[in-house]
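Engineer: This is the structure, below, for whatever I ask next.
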C-alpha cells in the first residue's frame, strides 16, 4: 500500500527551549510555500483537547498519546503537522514514531536548562522553583533527551530562521517537500 500521509514534524525540548517560536516560523514558511499545515502546540492542546489532564506521569503519557492520534488523523488527510510539545519521555516519542512512521520527523530543540530558566517566558520555572508547580520537567521531573532525532537544533548555535531552514532542507532531501514552491 502506498503511503500518502504528510509528515509530522515533532519538536521536543524543555519548556522555554524555543519549540513554539521555531514551530510558528516553520508554519509561516510552509504556508509561504503554499503547503497545507497545522500547528499543534502543547499549551493550546492542554487548554482544549487535553484540558482534563494534569502533569502526573500517566497524564503526560495520555497527553502525548492523544496528540499522536490527532497527528495521524491530520496527516492522513494530507496536512503537514507541526507538533510542539515538551514530550519528556522517550517511550512516548517512540510510540508516536511507530504510529506515524515513515512520516515522523523528530526535531530535538536542544537548549541548556539554565538558558530555559533565564528565558522563562511563562514564569513557570520561577513558580516551580518556589514550589507552586510540582513535577516540572527539567527540575523535579525528568526530560529524556532524544538519542537519535532526525534533526538536532542547537539553539546556542542556530537562530529560529536557521532552524527552520534546517528543517526545510531535511524535508526536501527526504522527498517530503518540493525544493521550491
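Backbone N, Cα and C atoms are what each Cβ position is placed from, and that goes for glycine too.
Since the structure is predicted, the reported quantities are computational estimates derived from the model, not experimental observations.
So TrEMBL lists the following for this protein:
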ACT_SITE  87  active site, phosphoserine intermediate
BINDING   13, 14, 15, 16, 17, 18, 19, 20  ATP binding site
DOMAIN    8-154  domain 'APS kinase'
Engineer: Compute the mean position of the Cβ atoms of 13, 14, 15, 16, 17, 18, 19, 20, which form the recorded ATP site, and then list in sequence order the other residues of that chain whose Cβ is within 8 Å of it.
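Structural biologist: Near the ATP site, beyond 13, 14, 15, 16, 17, 18, 19, 20, sit 86, 109, 111, 116.
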Engineer: Taking each of 13, 14, 16, 18, 19, 20 in turn, which of these binding-site residues have a Cα lying within 10 angstroms of the Cα of residue 87 (active site, phosphoserine intermediate)?
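Structural biologist: Qualifying among 13, 14, 16, 18, 19, 20: 13, 14.
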Engineer: For a three-state summary based on DSSP, what are the helix, strand and coil counts in the domain 'APS kinase' (8-154)?
Structural biologist: 64 helix, 28 strand, 55 coil
